[in-house]
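Participant: The structure under discussion is supplied below as structure tokens; questions concerning it will follow.
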Amino acid sequence: MDCSLLRTLVSRYCAGEENWVDSRTIYVGHREPPPGAEAYIPQRFPDNRIVSSKYTFWNFIPKNLFEQFRRIANFYFLIIFLVQLIIDTPTSPVTSGLPLLFVITVTAIKQGYEDWLRHKADNAINQCPVHFIQHGKLVRKQSRKLRVGDIVMVKEDEKFPCDLIFLSSSRGDGTCFVTTTSLDGESSHKTYYAVQDTKAFHNEQEIDALHATIECEQPQPDLYKFVGRINVYHDRNEPIARPLGSENLLLRGATLKNTEKIFGVAIYTGMETKMALNYQSKSQKRSAVEKSMNVFLVVYLCILVSKALINTVLKYAWQSEPFRDEPWYNQKTEPEKKRNLFLQAFTDFLAFMVLFNYIIPVSMYVTVEMQKFLGSYFIAWDEEMFDEGTGEGPLVNTSDLNEELGQIEYVFTDKTGTLTENNMEFVECCIEGHVYIPHVICNGQILHDCTGIDMIDSSPGGSGKEREELFFRAICLCHTVQVKDDDSIDGLKKNQVPRRPCIYISSSPDEVALVEGIQRLGYTYLRLKDNYMEILNRENNIEKFELLEVFSFDSVRRRMSVIVKSSAGDIFLFCKGADSSIFPRVKEGKIEQVRSRVQRNAVEGLRTLCVAYKKLTAEEYSNVQKLLQSAKLALQERDKKLAEVYEKIERDFILLGATAVEDRLQEKAADTIEALQKAGIKVWVLTGDKMETAAATCYACKLFRRNTQILELTTKKIEEQSLHDVLFDLNKTVIRQNGSLTRDTFSGLSSDTQDYGLIIDGAALSLIMKPRHDGSSGNYREIFLNICRNCTAVLCCRMAPLQKAQIVKLIKLSKEHPITLAIGDGANDVSMILEAHVGIGIIGREGRQAARNSDYAIPKFKHLKKMLLVHGHFYYIRISELVQYFFYKNVCFIFPQFLYQFFCGFSQQTLYDTAYLTLYNISFTSLPILVYGLMEQHVSADTLKREPSLYRDVAKNALLRWRTFIYWTFLGVFDALVFFFGAYLLLDNTVVTSNGQVFGTWTFGTVVFTVLVFTVTFKLAIDTHYWTWINHFVIWGSLVFYIVFSLLWGGIIWPFLNYQRMYYVFMQMLSSGPAWLGIILLITVSLLPDALKKVLCRELWPTATERIQKASRHCREHISEFTPLACLKSPRYRSSDCSNSPARRTNWCFLCANLLSRNTL
């Protein structure tokens, strides 16, 4: 055994694998290697369970409580509740304990339900049946029970349950076709190849007899990279070793297509599969508003501590005189006299903390939770965001981030299936300067299925005709398209074969579009059988070509080639690729005519490819075959050696022509991107597609414009120059242009500076992110970020899923800390969706992984416009007012209590009755602000869609900045001073009742409280722009409820109370005329400064939003769809230009449309 282990190590070293230390060995079918072959070292691997849930049954309560009490507010209220339990405080522990319990319980139920849904989805995946081979028979068991080494059978249209090495297929050539939509977002078919020595095994018995081991790398997340080898044992002979690459690896989540069944051996299972490694754990996301709330909370906590400290110090300073410390009517007991002074002072400090703790009410967090939860239904109910084609509407997976939709600064979007429909259509081809269009308009008639319409000059003749046929043959032969095996064409007559509708599948939708387009021009690709490609020409004759070699497409070469042999014995090398890759390798042909047509099509946003060929002699092909064979057998640097061989072979071409294919954008995708840029949002496209394809789409969707200067940071550039030089050159370019002008980094468009667009690929990004030996990688990142800041748009191509997340994280953690949004439709987008502040999934044809893992889901990309510019704008306006208003009304509420201590000897006497303390935030003032937070529309939804620039008015958390926060706080302090001292002056030593009685302490507190309730309610009414009957009901209803409650509370002797201090107090106050006059006067004085400030600011320094509001008041209906915002600034714009028709109601949802009866802006 020891000798066999030594032999294995020596063989690996001799094979040049001395650096291969991080590997695993898998025993196929769990069969040990033959004795003496190699050491049997059993290894432990995880099972095949997928876990996306956050909690378990056992850790839910402690883990959830820990997460909730990490919030400053929850922890604060817990401490206050415990203080009330421990010491004698002026208020009951119930006033803090019940609201806290309610918040914790509601939040726990909500998060528990969301995690239960994730458990349910995981169980559905883990319990799905899988077929595997055991003792030569097919056995079925649950997916979670799969182990590494099991041989699995997968049937057509089934998903692979784990990462498999492809052993054999029902297809005779040992291939299978797979769609990887849930992995890389591509819905096209890809071809995979079985191991050469096992592809002939077609049944369970033959597969079960396989004796082999697999050595491969440990799990890593790169979807496109895999290195391994398989050792196949035959009797006691030396094993046959075959290299394994990504073409042999079937990934979990991919779907088998156009193949009856395959057999594979499991090598990565469960959370070690590449799909799982590309998923990031779903962390708790917190909005900028919530972070601001926490900061404000800390400020108010400091204010609270300061108040308590000041009162404690002043209390003992005031009691320093004996007659004040121990008056005759309140003698101290012996235990009180013996108490430690410092302990007594600390107890008093805590009592003052409890007395003033209402400055931070727990009801604010309850109201915020309710506002977010109820407000999220407005998105789900929005009929304009419902897609009739798919029958899908928007989904809200979390309501915690509603207001974050109004703060987005960067949008990171996928391309395929998000911006585009992923539906390619052949537009035209250009052969020797002649243009061929399958469907053209002639005299107003659409001509279908024409066999080549020349749009430039007369049809070619002579050698031109030969080149035309070669071009059509090249398109029919140079591809990896497969024909769906619906039926066989063997034995069919010629008149049955022509124009037979073929179902083509390929890894590239471009190739399918080209083959289908050429079919409409007279040449039909039939199939590949026994390594012969069959095509049907215009004369309905079947031509056969032997497929000798395929040079696959790669992003560096940007071309693919095939070598075929005709029935006449001629050997052709056909090549198609990007114009930049083909033109330098062409020696003859009508280059300028074709180049001109290619440039024209590129300007129109079409995807172009050039086609060329050359003829090979038998001797030349023999040399080519030797070079290729040598490169393919290399285990080290195989890709590099193949690339060198391709470079030698693919040259001296004869140019045939070019093709143009259109990948249609989704409806209104360009309009949406333009609106987002006008709103000051920067849009980045992150895609796994090649650069040319992605760039064409960016031009089509107006991400790049005609005057945009494109900067490239790609592998090709870095090969020509070093990364250091490329970065510094690009940085110098953008700084030189914008050095004298400060680009608005928050604006997506600029008229004063040159617009730049940056293109970067995945390999270049890896170099930028890779730490250097001197540890200075951060410098490259900063330079890269500086370049990006000065670009209006960025395209990242050839991105792996984790690289997309890296880009988002890089921008998110930059020094500006911008708010990011990621949107995509495939599982390859899940990582960036989870990484961004807000993740949006497209409910598309490429699975539900993105929608399920996102915060929100929408049917189409165009719905992003309304979600951000309307819903996000409204959500932010509402909750920012809600937060500021809550702090304001509680400053108004508790500051008079602080002032009152100066007049009661700092005795911790409450100014308000206990009922008022408890119900102020729960009943008297809670509903109006909640309804405001749900219904407020400061301008109409149509205006927000028409004028995206209004989004900038609320950008950068504008309504929760320190200046605004301080203004609201000082406004609350001013109003509190008016309440307290106004009532004090009114009632001080004054006989105000008809029987000569003077108002007492509780009457004084009731007057202050009455002025307080009416003032804060009227303040909200003044700030309300969108009035409905619901607003009227809750605002005026709250005031009526306060009056009715006070009459009942003070008009009845309640038997369950041990005190009756409020009996007849409210009625006595209402019976006094001076009290009525004083209340009205104090309310007016309190509201006057804020009202004057609003009027002056609107008249002298109006914002764009306020100009819209002013125009809306002059106009009975919404502003015309064609009235730009600039017109509102013009003095010539008058209300007389508006018609008098009634305003059109904003379509929020069908429920609110029935509830709302009046709309006044």
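Including glycine, each Cβ sits where the backbone N, Cα and C put it.
Quick paste from TrEMBL:
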{"type": "DOMAIN", "residues": "42-96", "note": "domain 'P-type ATPase N-terminal'"}
{"type": "TRANSMEM", "residues": "69-87", "note": "transmembrane segment"}
{"type": "DOMAIN", "residues": "129-191", "note": "domain 'P-type ATPase A'"}
{"type": "TRANSMEM", "residues": "295-318", "note": "transmembrane segment"}
{"type": "TRANSMEM", "residues": "349-368", "note": "transmembrane segment"}
{"type": "BINDING", "residues": "Asp414, Lys415, Thr416, Glu511, Phe553, Lys576, Arg607, Thr687, Gly688, Asp689, Arg798, Lys804, Asn828, Asp829", "note": "ATP binding site"}
{"type": "BINDING", "residues": "Asp414, Thr416, Asp825, Asp829", "note": "Mg(2+) binding site"}
{"type": "ACT_SITE", "residues": "Asp414", "note": "active site, 4-aspartylphosphate intermediate"}
{"type": "DOMAIN", "residues": "851-1103", "note": "domain 'P-type ATPase C-terminal'"}
{"type": "TRANSMEM", "residues": "915-935", "note": "transmembrane segment"}
{"type": "TRANSMEM", "residues": "965-987", "note": "transmembrane segment"}
{"type": "TRANSMEM", "residues": "999-1021", "note": "transmembrane segment"}
{"type": "TRANSMEM", "residues": "1033-1057", "note": "transmembrane segment"}
{"type": "TRANSMEM", "residues": "1063-1088", "note": "transmembrane segment"}
Participant: Taking Cα-Cα distance, which of the binding-site residues Asp414, Thr416, Arg607, Arg798 are within 10 Å of Asp829 (Mg(2+) binding site)?
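Facilitator: So the list is Asp414.
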Participant: Would you please pick out, from the binding-site residues Arg607, Arg798, the one with the fewest other Cβ atoms within 10 Å of its Cβ?
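Facilitator: So among Arg607, Arg798, the binding-site residues given, the one with the fewest Cβ atoms within 10 Å is Arg798.
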Participant: Would you mind splitting the domain 'P-type ATPase A' (129-191) into helix, strand and coil residue counts from DSSP?
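Facilitator: For that range the per-state counts are 7 helix, 37 strand, 19 coil.
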Participant: Round to the nearest Å and give the CA-to-CA distance linking Asp414 (ATP binding site) with Asp825 (Mg(2+) binding site).
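Facilitator: Asp414 (ATP binding site) to Asp825 (Mg(2+) binding site), Cα-Cα distance: 8 Å.
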Participant: Using DSSP, break the domain 'P-type ATPase N-terminal' (42-96) down into helix, strand and coil residues and give each count.
Facilitator: 27 helix, 0 strand, 28 coil
Participant: When you measure from the Cβ of Phe553 (ATP binding site), which residues in the chain that are at least 6 apart have a Cβ under 8 Å away?
Facilitator: Ser508, Arg559, Met560, Gly577
Participant: I'm checking region-level scores; what's the whole-number mean pLDDT for the domain 'P-type ATPase C-terminal' (851-1103)?
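Facilitator: For the domain 'P-type ATPase C-terminal' (851-1103), the model's average pLDDT rounds to 84.
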Participant: Hey, of Thr416, Arg607, Gly688, Arg798, which of those binding-site residues are within 10 Å of Asp825 (Mg(2+) binding site), Cα to Cα?
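Facilitator: Neighbours among binding-site residues, in sequence order: Thr416.
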Participant: Including all protein chains shown, what's the count of other C-beta atoms within 10 A of the C-beta of Asp825 (Mg(2+) binding site)?
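Facilitator: So the Cβ neighbour count for Asp825 (Mg(2+) binding site) comes to 31.
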Participant: What is the number of other Cβ atoms found within 10 Å of the Cβ of Asp829 (Mg(2+) binding site)?
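Facilitator: So the number of other Cβ atoms within 10 Å of Asp829 (Mg(2+) binding site) is 34.
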Participant: Taking the Cβ of Gly688 (ATP binding site) as centre, how many other Cβ atoms lie within 10 Å?
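Facilitator: If we count other Cβ atoms within 10 Å of Gly688 (ATP binding site), we arrive at 27.
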Participant: Give the residue from the binding-site residues Thr416, Asn828 that has the most other Cβ atoms within 10 Å of its Cβ, counting over every protein chain displayed.
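Facilitator: It comes out as Asn828.
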Participant: For ATP, with binders Asp414, Lys415, Thr416, Glu511, Phe553, Lys576, Arg607, Thr687, Gly688, Asp689, Arg798, Lys804, Asn828, Asp829, what's the maximum Cα separation in whole Å?
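Facilitator: Maximum Cα-Cα distance: 30 Å.
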Participant: Taking the Cβ of Asp414 (ATP binding site) as centre, how many other Cβ atoms lie within 10 Å?
Facilitator: 29
